[in-house]
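Enquirer: Could you have a look at this structure, given as C-alpha cells, before my questions?
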C-alpha cells in the first residue's frame, strides 16, 4: 500500500461520504493517477473485502483511513474496463464501479439551454436513462437541485441506504451518477440532504414511471421503445389548423368511467394475472380498468358516439385519487394505476387508428405539498415561491410554480412538448388559467403581493403561458391548446406576437353558467330570463370559444345535468335534450363530460363508476341516441362548425320572443342558400303554426328534431319539412309556418330542390 501525504484529506472525505455530506465523490473515488501509479478507490459501506478484477488479474483493495474506503494499485490506466468484487456477510458479487464513469452526462450546451429556460427536450437528459457506456449497460441519473448539500441514489439496489451511492455535483446545480448495477424496473428515489442537515426522499421529477399509490417511488423505464403507426394521422393533423374543423369532445376520468370485478383479473401477454388496482372502498370487490382494457372498451364506445376527441382528466402520476389527478407529482409519467407508459401509448395509437384525437388536461398552475414531490425539493423553495402570498393556494392546499425561474419554466414547457412527442397526444386543456393570471386569485386583501407595476396581474405567469404556447405551436402546428379561463382576461386565444396568451381555444364559462342557470328555471318563468340564452352571441367573436359542460358542473352538490332540470322526469329528459341540441347548434366547439351522453342521474363520484344500468331504460337510450345523431349531423353539416369564429356563420332570425321563450337563428357555411335554420322552444307549450322568417323561399327539410321518438320525445314535428309561405315577418318576405314541439330544438336545411 502506497504511503500518502493526503491521509488526513482522505479520512475527511471518507467521513463525509459516511455522513452523506460529500458533493464531489469523484474527487476521491474511481481511478486516479497519483505518484506515477494508477490508484482505484472504492466506497463500499459494510463490505468485508473488496477486490479489483482487471485484465484477468485480481488486485486486493485495502481499507485506508476508513473501514469502508478501499484502495488498490493497478499497473496501467483501467479506464472503464475493471470490475469490483465485493464480499458482504459471506455473500460475494461482482459489479462495475459507479465512479469509473467520469465524463459529464449533461454537457455545456445542455446546461446553457436549461439555465435560460429553452431546453425543450430536457427529459432526454434529466431523470433516469438506460444507457450503455463502454460496453457496460446501466442507468444514468441526472437531477437539478442547486441548494442540496449532497444527493444519493437510494433503492432496492442498496437497501434504501443513502450512504452507498452519492451523486456528483456538476455546474449549474446538476447532479449525476452512472449506476452500472441498475436496470429497467428498478425502484429508486433521490435522498437529498439539505444545507441544514435535513434528509428528504424525493421521487424523480423527470421520472418516466412511478409506483402505484400508496407507494411513491420512481421506476427505471425505457423511453423510446414503441412502434407507432399513426404517421398519416399526425401528418394530417399538423398540415392545417384544427380549430377550423368539427371538434366534439368526450371529457372523462379514466378511473371512474367503468370498473371491473377484482375476480376478473387482467391477464398479461404471458398469461399471468396482473395484480388488480382496487377502485375504492365505495364499491368493494371492484378494480380499475387497465390501459389495454380501456383501449378495448372505451375507444369503440367513443367512436360509436361520434365524438372527434377524448379529453382525459389528468393522467400524470398523482398520489391521491380524490384530487381527480389535478395534484400531480409525476409530471413525466402516465399514472401506473392503469398500466405502463407503452400501454398508454398503444391507447393513443389505437385512438388515432379509429379517427379519435386525444386531449390531456395539463396542470401547470400548482402542485401538491406531498413530501416526495416538488415541494421544498432541495431544502429551499426551488420550484415554488418562498413567499406564501404568491407561492401558495391556501384554499386548495397547493403550491404555485415560480415562473420567474428559468429552470422551472423549462421543466414545464419541456413537459408540454414531452406529452406531444413521446405520447403523440393531440391537445391540452390547461386547468385553472385564471388562478395563474391573477396574483389576488381567491385571496383577501393583505394576502397577496402586487406586481412591479402595482397591479394584480401575474406577469411571470403570463410570460410562461405565452412561451409554452409559442413553443408548442412551433413544434406541433396542428395542436389544440385549450384554456379554462373564467374571467374576461383579453386576447386569450390571440397569437403571442399580437400580445395574446397564444391558446387557440377557450372554454366559454359565461355561456355554460348562463345556460345552466336558465335551464334550472321553471319553464314558465324563462320569459323573464331570455337574455341568459341569447347574451353569449354578443361576445362570441372576441375569442375562439369552446362550449363545455364539464366535470366541475356535476359535483359538490350541483347535481348531474339531468337532475338540474325542473319538472317531472319527462320534462327533465326533454330539457336535457333541448339544452344539448342548442349547444350543438350554437357557435363554438363542443365538450361534454362522461355520463351526460345518456342522462346520468347521480353526481359524478371519483370513487364510483357511471350508472351504466340506466341504459336499460328507453329515455336514457334516447339521450344517447340524441348525442349519436347530433355528432353525426354536426360533422356532416359544415354550417355548424366552419364559421364558429366568424360572425358570418351566425345570424339571429328572432331572439326577442320572450313571452313564448322561443329563439330562432341561422347557421351558414358560405354564400350558397343551403343554410340551416334553428328554432328552439324552451317551454312545454306546443305551437301548431309558429311563423319564422327566412331570407329565401323554397323547401326547408327538417333534418333534426330533439322531440323525435328515437330520442324519447313526443314525436311532434313537421312531417319532414316545410315549404315557405309568402308572409312578411322578421324583416323577411318569406316564412316557415312550423309546429314547435314542447321543450325542443328543431333544425331545418334549405334545399334548392325538394
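Using the three backbone atoms N, Cα and C, a Cβ is placed for every residue, glycine included.
So Swiss-Prot says this about it:
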ACT_SITE  431  active site, nucleophile
ACT_SITE  484  active site, proton donor
Enquirer: Between residue 484 (active site, proton donor) and residue 431 (active site, nucleophile), find the distance joining the two CA atoms and give it rounded to the nearest Å.
Expert: 5
Enquirer: Would you mind listing, in sequence order, the residues at least six apart from residue 431 (active site, nucleophile) in the same chain with a Cβ closer than 8 Å to its Cβ?
Expert: 314, 326, 361, 362, 363, 365, 484
Enquirer: Helix, strand or coil by DSSP: which one applies to residue 431 (active site, nucleophile)?
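Expert: Assignment for residue 431 (active site, nucleophile) reads coil.
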Enquirer: Taking the Cβ of residue 484 (active site, proton donor) as centre, how many other Cβ atoms lie within 10 Å?
Expert: 21
